[in-house]
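Notes follow the structure.
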Amino acid sequence: MTPSAKRRTLNTHYFMPPHVRVVELMTSGNTAPEIMSLLVDRMKTVGLKPFVAKRESTGFIQNRVWASIKREMLHVVAEGIVDAQTADDIFVETIVRPGTRPFAAMDYVGLDTVANIERTYAQERHLDTTYTVDYLQREFIDVGKLGIKSNKGGFYPPSTAADAVSTKPRIFVLDNGLSGQIDNLKQGKILEYSFEGEYIRTVFKDQYLPDGIAVSQEENVLFWTCMGSPGQKDGMIYAGKLDGNDIRPLIQQGIVHTPKQIVIDEANKKLYFTDREGLCIWRCDKDGSNLEQVVVTGDNNNECDRRDATRWCVGITFSHTLGKIFWTQKGASKGWQGRIFSANMTIPPGETAAHRKDKVCLLEGLAEPIDLDFHESTKTLYWTDRGEMPFGNTLNRLRFDDRGYALHTDSTPHLKHEIIARKFHEAIGLKIDARNEHVYVADLGGSICRCKLDGSDKVRLVFQEDRAWTGVALA
């Protein structure tokens with residue numbers, strides 16, 4: 001190879017499966033720096049994520065690290081410490097799902113502690129300490145860089161070391177399948193996106209008009225509703241693992257009509273979901289058992305009631321702080337008939353789901369309210385509205401006092417609540433990230449947006465014209 005050709009030669013490593021957009025670049029030992037820079041820029045423009053190794057290394061970066069992980073995994077299985085399934089499971093639960101970054105985690109634990117742990121392993125297994133304990137001692141510990149507990153930081157600068165450890169939620173969102181070519185109504189999907197809005201994978205597909213979704217953090221399980229054919233009694237409730245396995249029906253066809261938003265009451269191990277044409281709100285155990293109605297808004301055997309959109313329950317949430325459930329009855333499309341109600345989580349003694357004296361209409365005359373969520377620490381109800389301007393296609397909120405009474409505001413003229421974000425395109429899905437003080441909104445126009453709790457700093461994370469997003473959840 002000529003000297004000129006050597007300067008234009010380098011090593012590349014692409015990844016499988018194809019949705020992993022990472023590519024590793026590594027010098028051949030003679031590669032011109034400008035060639036590396038050129039390729040990095042070009043790869044970014046086509047949606048790849050290039051990573052550059054500073055010097056030649058067998059296995060590039062990722063596979064060299066992966067090789068060491070494989071070795072230790074094989075050791076714990078071969079030594080009889082654990083079986084392969086358990087080793088995989090604990091790795092996923094402690095590293096993959098939380099999004100743990102090794103160097104950030106070491107900073108968090110403390111590099112002096114990390115060195116002591118590695119020293120113990122080295123003594124027990126007769127390992128070389130040149131690139132572990134000795135490296136940490138020389139480059140970090142001896143100069144006072146111990147991680148986030150020291151003002152000099154560690155592998156990360158002190159201002160970012162703690163932030164690097166914090167986990168960002170993964171986004172799970174429903175595509176109802178109605179935005180593209182419609183050959184049938186069972187083209188819905190559940191997709192996963194990163195915190196930054198990058199597509200990760202399709203978790204489940206071939207869903208029958210999926211609408212509401214919730215995540216059980218305790219069990220790493222997705223719950224979602226499939227509306228079925230509008231007006232027919234063929235809606236279903238499903239559950240499935242976050243990893244895309246073990247999909248199973250909780251509520252079979254023939255029981256509910258058109259299930260919409262679904263939420264999880266982890267404290268009581270219950271699911272709540274609305275049933276639009278069923279004219280009610282249901283509650284059941286997380287395995288689908290003990291199904292019961294908690295609110296009934298009309299007679300679903302009566303054609304007039306079933307066609308009356310002012311009786312249609314769509315959004316549902318609850319507050320343990322206030323002991324209340326909240327729901328929307330949306331009214332006709334763009335009809336300014338929408339209402340938001342509340343009632344106690346427990347049906348009063350002697351009353352029924354159809355006849356509850358504790359039911360309160362909080363707001364009425366709304367453009368078209370859809371999904372709900374509740375922020376416990378501020379006692380604030382949030383909802384999406386897909387109605388017309390000026391008050392539709394918005395993100396809204398209503399605050400409550402300690403007794404559960406609504407605190408009406410005049411911050412938006414003619415309204416008793418606040419509009420905090422606007423200009424969505426058929427806003428539907430809603431989820432609050434209380435830890436990071438964010439709100440996520442998904443709309444039928446193909447956008448997934450995030451903003452702060454007050455509606456500021458709104459950003460569009462995802463825009464796909466061929467998607468019609470409904471429910472959104474976080475894990």
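Quick reminder: no glycine exception, Cβ is built from N, Cα and C everywhere.
On a predicted model such as this, the values are computed, not experimentally measured, just so you know.
Features reported for this protein in Swiss-Prot:
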{"type": "BINDING", "residues": "Gly99, Thr100, Arg101, Pro102, Phe103, Ala104, Asn245", "note": "NAD(+) binding site"}
{"type": "BINDING", "residues": "Lys149", "note": "CoA binding site"}
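Cβ neighbours within 10 Å of Lys149 (CoA binding site), excluding its own Cβ and spanning all shown chains: 17. Binding residues for NAD(+) (Gly99, Thr100, Arg101, Pro102, Phe103, Ala104, Asn245) extend across at most 31 Å, taking the greatest CA-CA distance. Cα spacing between Phe103 (NAD(+) binding site) and the residue listed as 'CoA binding site': 14 Å, rounded to the nearest whole number. Most buried of the binding-site residues Gly99, Pro102, judged by other Cβ atoms within 10 Å, is Gly99.
Look at Pro102 (NAD(+) binding site): DSSP puts it in a helix. Highest Cβ count within 10 Å among the binding-site residues Thr100, Asn245: Thr100. Looking at Arg101 (NAD(+) binding site) and the residue listed as 'CoA binding site', their Cα atoms lie 17 Å from each other.
Of the recorded residues, Thr100 (NAD(+) binding site) and the residue listed as 'CoA binding site' place their C-alpha atoms 19 Å from one another. Neighbours of Ala104 (NAD(+) binding site), defined as other CB atoms within 10 A of its CB across all chains, total 22.
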